[in-house]
Amino acid sequence: MTEPIISFKDFSFQYHSQATPTLQKINVDIYPGEKVLVVGASGSGKSTFANCINGLIPFKTKGNITGELYINNQDATVSCLHDRSNVVGTVLQDTDGQFIGLTAAEDMAFLLENNCVEQDDMKKNVSYWAEKVGMIEHLNHRPQDLSGGQKQRVSLGGILIHRTPILILDEPLANLDPATGHETLRLLNNIHEETKSTMIIVEHRLEESLDDTFDRVLLFKDGKIIANTTPSDLLKSSKLKEAGIREPLYCTALKYAEVDVESIDNLANLRDVCMSEHVKFKVKKWIDETSANNDNKYKSEPLLELNEVCVQYSDYSNSVLNNVQLNVYRREMLSIVGHNGAGKSTLAKAICGFLDITGNIQFCNRGFNQLSISERSEFVGYVMQNPNHMISEKMIYDEVALGLRARGMKESDIKIRVENVLKICGLYAFRNWPIVALSYGQKKRVTIASVLVLNPEIIILDEPTAGQDFYHYNEIMSFLIELNRQGKTIIMITHDMHLLSEYSSRTVVLSKGQVVADTTPVLVLNDKKICEIASLRQTSLFEMAEYIGISEPQKLVQLFINHDRKVRRQ
């Protein structure tokens with residue numbers, strides 16, 4: 001009988017700063033060559049589980065351990081981090097924390113340099129893996145010139161060079177555009193088949209992850225494994241809902257169409273599911289009997305106008321933004337999508353005045369070009385993807401009050417505005433808390449509050465739901481919808497096709513610094529050419545429509561959006 005390569009036996013771990021164990025009585029074996037998906041809500045113990053395997057716990061992060069953990073038949077608590085790194089390779093979720101080279105090539109070559117590999121062999125290895133991860137054209141770029149997704153691919157290439165028998169990827173899809181995420185899963189699958197390595201993928205994005213095949217799924221909740229089963233059996237159970245994880249959209253649509261999902265043999269394979277005549281009949285019947293009107297109306301008077309806006313970095317020959325023409329309308333929820341490096345974040349920074357531009361930007365027919373960053377912040381607020389990059393104060397109240405104090409407002413007036421915004425953001429009860437006591441999602445709301453308190457007309461959010469489990473995803477989006485109802489214009493830069501289709505009234509698609517589409521989300525996702533150009537990927541609802549033979553897939557998508565919104569409001 002094959003011995004497990006990873007074995008947890010009654011294993012518990014408690015951080016010194018925590019009152020209770022983060023992992024509780026974990027019992028699981030993972031065998032050589034297995035590919036395992038690990039899912040769970042924020043704080044469920046997924047990353048702690050992975051860090052116990054790669055050695056960051058206990059060799060870097062200390063805590064109390066009970067039980068046993070064996071890696072490659074060796075007691076994991078008595079080896080060292082260096083030895084563990086020869087067995088376990090890890091791609092971290094925080095790409096900035098893993099990037100150590102001055103260029104992409106230097107970062108990927110780090111291990112080879114330490115192992116004194118000959119330069120010719122080093123260059124061949126780096127070029128080979130850079131080609132595999134789609135970074136061959138960016139090898140000489142500095143880390144600050146790369147997007148979050150590009151940094152992640154560099155980290156992946158650097159780990160793959162090592163060829164460790166165990167590979168852990170912590171949220172590998174979090175910063176990638178949908179098409180690149182799909183290609184990454186295909187790449188990982190090819191690597192797994194070629195090397196027969198043991199692969200553990202920790203992810204929130206269950207639907208996208210299940211594009212790939214997994215031997216097992218481990219589902220975490222409150223530090224415990226509540227499911228250890230096949231993807232199909234997990235989708236049939238109620239465990240995902242119990243753990244606060246969103247099931248694939250097609251599974252929800254099947255239930256809305258009153259399909260008995262428990263009777264489906266391989267629920268994790270959408271193509272197989274849609275071969276059933278019963279499924280085809282039920283879904284088509286649901287479409288025929290239900291109206292799919294799209295009530296989204298976004299056009300009023302333009303609030304923000306961009307005319308022939310260009311941005312060019314000094315060390316790039318081509319413009320990062322190229323003659324962008326764009327109107328943003330009052331009280332709309334606009335999504336901006338595109339491939340990694342398309343210019344999405346650059347566009348936001350150009351609007352805020354962080355970058356020099358050519359062309360013209362107007363706000364309510366008022367020239368924006370001559371205004372300083374501080375003056376523009378009275379009209380436009382920008383919330384960065386990572387809240388830790390924005391927060392500079394120790395206490396919640398002080399962080400939200402920071403901008404008003406910088407404007408010289410009286411403390412009595414600041415108190416009124418800050419407390420009002422904290423109530424709107426659901427943070428009033430925590431107003432005297434330290435920032436470090438907050439979850440990632442709560443920190444995200446603090447950064448939104450720090451922008452909202454300045455009362456801008458437009459709020460730009462870069463990846464508002466990145467890395468969020470379904471509970472916190474809904475929490476953030478419900479909050480943004482409420483702000484929109486109160487009159488704020490919301491611009492969301494996103495890779496999340498669910499967010500795009502369910503929450504925005506209009507979508508602008510960028511590719512290579514240019515606007516290639518400006519229409520409704522459903523029409524964007526129904527256009528295969530646009531999806532290919534911008535590295536988007538149609539959701540499982542579109543795939544379901546095609547497999548079933550629905551001539552107008554957008555009808556199914558719009559029907560699902562309308563019905564799902566109605567269900568969530570109940």
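Quick reminder: no glycine exception, Cβ is built from N, Cα and C everywhere.
Remember, it's a predicted structure, so these values are computed and weren't measured experimentally.
Residues or ranges marked as ATP 1 binding site in Swiss-Prot: Gly40, Ala41, Ser42, Gly43, Ser44, Gly45, Lys46, Ser47. Cβ neighbour count for Ser47 (ATP 1 binding site) (all protein chains, 10 Å cutoff from its Cβ): 22.
Residues or ranges marked as ATP 2 binding site in Swiss-Prot: Gly338, His339, Asn340, Gly341, Ala342, Gly343, Lys344, Ser345. According to DSSP, Ala342 (ATP 2 binding site) is assigned to coil rather than to any helix or strand. Here Ala342 (ATP 2 binding site) comes close to Asp177, Leu510, Ser511, Lys512, Gly513, Ala534, Ser535: these same-chain residues lie at least six apart in sequence, with C-beta atoms under 8 angstroms from its C-beta.
The domain 'ABC transporter 1' feature in Swiss-Prot is assigned to 6-247; the stated evidence is sequence analysis.
Residues or ranges marked as domain 'ABC transporter 2' in Swiss-Prot: 304-537.
Taken together, the residues of the domain 'ABC transporter 2' (304-537) have an average pLDDT of 89. The DSSP secondary structure for Ser47 (ATP 1 binding site) is helix. Every protein chain shown contributes to the tally, and the Cβ of Lys344 (ATP 2 binding site) ends up with 25 other Cβ atoms within 10 Å.
The two recorded residues Gly343 (ATP 2 binding site) and Lys46 (ATP 1 binding site) have their Cα atoms spaced 32 Å from each other. Gly341 (ATP 2 binding site) and Gly45 (ATP 1 binding site) are 32 Å apart (CA-CA, integer value). What surrounds the ATP 1 site, by Cβ distance within 8 Å of the Cβ centroid and not counting Gly40, Ala41, Ser42, Gly43, Ser44, Gly45, Lys46, Ser47, is the set Thr48, Phe220, Asp469 from the same chain. Close to Gly338 (ATP 2 binding site) in the fold, though at least 6 residues off in sequence, lie Asp177, Lys344, Val509, Leu510, Ser511, Ala534, Ser535, Leu536, each with a CB less than 8 Å from its CB.
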